[in-house]
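One structure is given here, and the rest of the page talks about it.
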């Protein structure tokens, strides 16, 4: 059985006060689930050390994540973060390709693929977000869009691209809307993604996970995690609410 991975994407949220209160309680909660679930928190990067210091080194199921990297390893690029820097401070998982960055920062598939390759070069775990808009869904282009976003990774990195990697299927129309995709629909797309990646890999792919993201809450997590090809969640707003996030973790492990 695959060990579920639950990632909390805090986006541009958080404070020292929130972290001290939230993680003190989460730390105790995770003791119960350390063998059967991996939990990742991706805060604004400047809070990473504070979070690290609040978790004891014996927490084998807890990891720090980041929300983005630059397309350069170093140099005169004001305000950017390098994967080398993230690795240096103990971050393991990095979200790339989120629709908010595609839209607000005009990140193309090519830019995202380059970031993916940089993460792999540093032995970090990319969490590649893919998904369709509402119009693309209506036009029945979901699978074509997912294929396009996956293909460029294979074209740039090669057939072993998705070993030790995560794809988060996040239908753009559901993010932040409160309207999650139907579980059977999610399973259909996740199954397609898994088979497509396997067919392009030309080997027995290892440590490849598929998450669902898009208005994940304690109310829909149970039915979603029961889907065969869903290995966990990329949680947005709900990951900032201790009771909600803890319940999602608990449900995932039922």
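Cβ atoms are placed via backbone N, Cα and C, with glycine included.
Model, not experiment: these values are computed from the prediction.
Pulled from Swiss-Prot, these are the features on record:
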ACT_SITE  98  active site, electrophile
ACT_SITE  170  active site, proton acceptor
BINDING   9, 10, 11, 176, 215, 236, 237  substrate binding site
Extra residues within 8 Å (Cβ to Cβ centroid of 9, 10, 11, 176, 215, 236, 237), substrate: 175, 235, 238, 239, 240
Neighbour-count leader, CB within 10 A, recorded positions: 11, 98: 98
Residues satisfying Cβ distance under 8 Å from residue 10 (substrate binding site), sequence separation of at least 6: 41, 42, 43, 44, 67, 239, 240
Residues 9, 10, 11, 176, 215, 236, 237 binding substrate per the record - widest CA separation, whole Å: 14
Same-chain residues at least 6 apart in sequence whose Cβ lies under 8 Å from residue 215 (substrate binding site): 174, 175, 176, 177, 178, 179, 180, 236
Euclidean distance between Cα atoms of the residue listed as 'active site, proton acceptor' and residue 11 (substrate binding site), Å: 15
Euclidean distance between Cα atoms of residue 170 (active site, proton acceptor) and the residue listed as 'active site, electrophile', Å: 8
Fewest other C-beta atoms within 10 angstroms, as judged across 176, 236, 237, which are the binding-site residues: 176
Between the residue listed as 'active site, proton acceptor' and residue 237 (substrate binding site): CA-CA distance (Å): 14
CB contacts for residue 170 (active site, proton acceptor) [other CB atoms within 10 A, all chains]: 26
Rounded to the nearest Å - Cα separation of residue 9 (substrate binding site) and residue 170 (active site, proton acceptor): 13
